[in-house]
Amino acid sequence: MSSSVAVCNSPVFSPSSSLFCNKPLNTSPAHETLTLSLSHLNPPVSSTSPSAASPTSPFCLRLLKPPAKLGFGSDSGPGSILKRKRPTTLDIPVAPVGIAAPISNADTPREESRAVEREGDGYSVYCKRGKREAMEDRFSAITNLQGDPKQAIFGVYDGHGGPTAAEFAAKNLCSNILGEIVGGRNESKIEEAVKRGYLATDSEFLKEKNVKGGSCCVTALISDGNLVVANAGDCRAVLSVGGFAEALTSDHRPSRDDERNRIESSGGYVDTFNSVWRIQGSLAVSRGIGDAHLKQWIISEPEINILRINPQHEFLILASDGLWDKVSNQEAVDIARPFCKGTDQKRKPLLACKKLVDLSVSRGSLDDISVMLIQLCHLF
């Protein structure tokens with residue numbers, strides 16, 4: 001098993017407190033996919049939409065039938081290496097679309113439409129729009145995989161240059177990962193399958209007509225007692241281990257030496273403006289889905305972390321950088337942990353998500369913020 005990076009600050013709340021479940025969570029017999037998307041999925045998935053009068057409920061996407069067999073595909077070939085030169089600054093447009101509620105392109109999102117919340121089998125999520133006209137964050141969740149309540153896959157997606165790429169990733173990335181995974185337990189095969197799922201989603205998005213923008217992604221697959229976390233970009237996964245925060249992902253930004261070296265060796269240019277490192281004077285993240293105009297440098301290959309879930313693993317936080325730019329890993333665990341204690345009736349994980357979002361906003365965040373909390377005691 002690959003190891004994770006521990007953040008060793010002492011938690012405010014005693015790590016010795018037990019967060020074990022007293023009883024299992026009831027689960028629905030069907031797969032459930034949740035996104036903030038505004039359009040239907042392709043077959044074999046159908047969607048149902050809430051009314052426009054219910055802005056706090058995202059679209060519910062339900063898988064009609066679990067896959068009979070999960071198979072492997074082929075790897076993508078390597079990209080070409082371009083000659084390095086300093087280009088002009090590129091502007092990323094922002095698409096004028098609505099947020100979670102189904103509103104017209106011409107409408108200005110209403111104040112009550114700025115937040116979206118959802119609770120499902122073993123997880124809660126809360127998203128709040130920042131100062132942009134359009135909400136660019138998305139999320140997805142598929143639980144009860146193949147009829148097993150202890151198997152699930154989750155994702156949080158942070159779009160830039162409009163919500164199109166994040167919406168596409170929310171609809172397709174987790175399904176693509178599942179389509180690549182064989183039901184076996186071989187760790188190397190699972191890691192390779194997750195990688196191919198990311199690469200396939202990126203390739204499919206770039207084939208769409210008039211695509212623009214991109215999206216950072218973080219996903220968490222839970223299967224057979226294993227936790228498989230992957231990321232491309234600066235969405236982050238943080239695990240509470242007995243009250244201590246462990247970052248299971250590393251942000252992909254051009255300020256990282258290895259990322260900057262990769263970009264420059266491929267002919268790209270990295271510089272800093274107002275203390276922010278950017279690629280080609282434009283983008284501040286170095287991996288993700290989309291970004292066709294920077295594709296030779298913005299790769300979609302994820303970094304992957306696999307570990308065996310044990311009783312000390314209490315809950316997992318997946319969140320966009322709207323949270324992590326203002327709230328540290330340990331702070332997030334300390335704030336969420338009291339709401340994850342006790343019996344199912346006493347737990348309030350959705351309130352924990354809201355508390356984290358509100359803290360980031362109170363510290364000056366102007367970005368979209370999405371926080372998903374996954375209670376691992378239900379899933380191992």
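Cβ coordinates come from backbone N, Cα and C, glycine included.
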> For the Mn(2+) 2 site that Swiss-Prot gives with Asp158, Asp321, which of Asp258, Asp271, Asp367 also belongs there?
Replying inline: Asp367
>> Can you give me the residues near the recorded Mn(2+) 2 site, meaning same chain, not Asp158, Asp321, Asp367 themselves, Cβ no more than 8 Å from the center of the site's Cβ atoms?
In response: Asp137, Cys216, Asp234, Cys235, Ser320, Gly322, Leu323, Trp324, Asp325, Asp368, Ile369
>> Over the span of the domain 'PPM-type phosphatase' (122-376), how high is the average pLDDT in this prediction?
In response: 94
> By the DSSP assignment reduced to helix, strand and coil, which category contains Asp321 (Mn(2+) 2 binding site)?
Replying inline: helix
> Which residues does Asp158 (Mn(2+) 1 binding site) neighbour through Cβ under 8 Å, counting only same-chain ones at least six apart?
Replying inline: Glu136, Asp137, Ala166, Ser215, Cys216, Cys217, Gly233, Asp234, Cys235, Ser320, Asp321, Gly322, Asp368, Ser370
